[in-house]
Amino acid sequence: KNITDFSLNITDCNQVVVPEEVFFTVAAAGILENLLVLVAVIRNKNLHLPMYFFICSLAISDMLGSLYKTLENIFIILCKMGYLTRRGDFEKKLDDAMDSMFILSLLGSIFSLLAIAADRYITIFYALRYHNIMTLRRALVILTIIWTFCAGSSIAIALFSHEIATVIPFTILFPLMMFFILCLYIHMFLLARSHAKKIASLPTSAVHQRTNMKGAITLTIFLGVFLCCWAPFVLHILLARFCPHNPYCACYMSIFHVNGALIMCNAIIDPMIFAFRSPELRSTFKKMFCCAR
């Protein structure tokens, strides 16, 4: 708030405000869509595979981001109505809890995407040994480690976010993880063609290769959408920490609400990609809707 007030005095850029109704609508849509993905995977036993479990992890991260924004808007409305104060002890604890949920959503999304990228890598380059390498039990262990680490990290970052020693690793983690995932995907696509030639003589290899590459393309789309939706907000954090008094930085920070809306849109776009790219999920959705009718 102090940065925002100061920014209005040193820049001519007007604060861009997104109506709270828009946030509520987008957040509700994101929660419902990702919840639908979770229910579809649980109901269809054919989807009880490591890849879909990692996709469920990403869906949970999206749901947490939408839920965070919903609770934040409710908190702001209650403050405006006078039921809560901005500087009370209870309100501070509530704010820390919501910040922890938001950071958990970001870290959960990053590590879920990393797990999905690793799963696609094994699928393409170790296709014949995939089911021995990536078993369902190992996938569950990986997810348990990921969410335990993310939960602990989110609590620590939320409690000590005022310390620059905590903020810097948080802002560095995002570009480093994204760079690593990008390198992994580039490596996959560069070697996929030569790998396909080596196994071309095996039965049904062409079908498996097309399926694996389709999965790699789908998850590359996930990564691109994630970068477009989250990168503006991470840039806002960096600017708010390192150049809050610069007029150009303050001008960019005036669109903070727009950056928040982009994060909410990520939770809506991901399930659409799931449904569009996965025939098995589309079939499950149709059966669910038909049963409901």
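Each residue, glycine too, has its Cβ placed from N, Cα and C.
Cβ atoms under 8 Å from those of the transmembrane segment (22-42) belong to residues 48, 52-53, 55-56, 59-60, 62-63, 65-67, 69-70, 73, 260-261, 264-268, 270-272, 274, 281, 284-285, 288 of the same chain, restricted to positions at least 6 beyond its ends. According to TrEMBL, the feature transmembrane segment maps to 22-42 (among others).
Among the features that TrEMBL reports, domain 'G-protein coupled receptors family 1 profile' is placed at 33-274.
If you look up TrEMBL, you'll see 49-68 (among others) marked as transmembrane segment.
Annotation source TrEMBL lists transmembrane segment at 102-128 (among others).
Per TrEMBL, the feature transmembrane segment maps to 140-161 (among others).
According to TrEMBL, the transmembrane segment annotation covers 167-192 (among others).
The annotation transmembrane segment is assigned in TrEMBL to 213-235 (among others).
Annotation comment: TrEMBL describes 255-276 (among others) as transmembrane segment.
With a cut-off of 8 Å on Cβ pairs spaced 6 or more residues apart, the transmembrane segment (140-161) and the transmembrane segment (49-68) reach 3 or more such pairs and are scored as touching.
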